[in-house]
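Database features, via Swiss-Prot:
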- 1-24: signal peptide (SIGNAL)
- 60-142: domain 'Cytochrome c' (DOMAIN)
- Cys73, Cys76, His77, Met119: heme c binding site (BINDING)
Amino acid sequence: MNKNNVLRGLLVLAGLSLSSLALAHGDVTPQAVDTKGLEPLGKEWRDTNPYRKPYAKHDLAVEIGASAYNQNCARCHGLEAKSGGIAPDLRLLETGAEGDEWFKERVINGAVRDGAVYMPKMADFISQEGLWAIRSYLESVHVDE
């Protein structure tokens, strides 16, 4: 009987540990993005990613974008942009202007279906600079299907 109680206790502990890992991807509340060092873009949205190569500070944009992605996007879209099936795998997003168009539309308008919010309007919380830095990061981890 004592062994059964110990086993049950270990199973509960293991379950709690695993559930905390599931929540460790990111915070639900959007986090500020420090874009120091990137060209300020102003209020009007660009149609294409201004931080794409040959932008001189492209590598800095990718670094900022990786951090911002992990803080704001990974909870739903997965660590390193590898989706676990909850939300689209952003590594598969088209590169270049076509992918920029979809990205811009989604971060500005979010995703709502039948009144349920599947993705918040991230542009309400994160600057254009921060979001284009995230886009730069996503292009750096792009994979073909």
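Placed from the backbone N, Cα and C atoms, the Cβ positions cover glycine too.
Note that this is a predicted model, so its numbers are computed, not measured.
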Open item on the list: Can you work out the mean pLDDT of the predicted model over the domain 'Cytochrome c' (60-142)?
Closed with: 95
Open item on the list: In the three-state scheme derived from DSSP, which category covers His77 (heme c binding site)?
Closed with: helix
Open item on the list: Taking 8 Å from the centroid of the Cβ atoms of Cys73, Cys76, His77, Met119 as the cut-off, which other residues in that chain fall inside it around the heme c site?
Closed with: Asn72, Ala74, Arg75, Ala87, Leu90
- [ ] Among all chains shown, work out which of the binding-site residues Cys73, Cys76, Met119 has the most CB atoms within 10 A of its CB.
- [x] Cys73
- [ ] Note down the number of other Cβ atoms within 10 Å of the Cβ of His77 (heme c binding site), including every protein chain shown.
- [x] 23
Open item on the list: Between the two most separated Cα atoms in Cys73, Cys76, His77, Met119, the residues recorded as binding heme c, what distance in Å do you get?
Closed with: 10
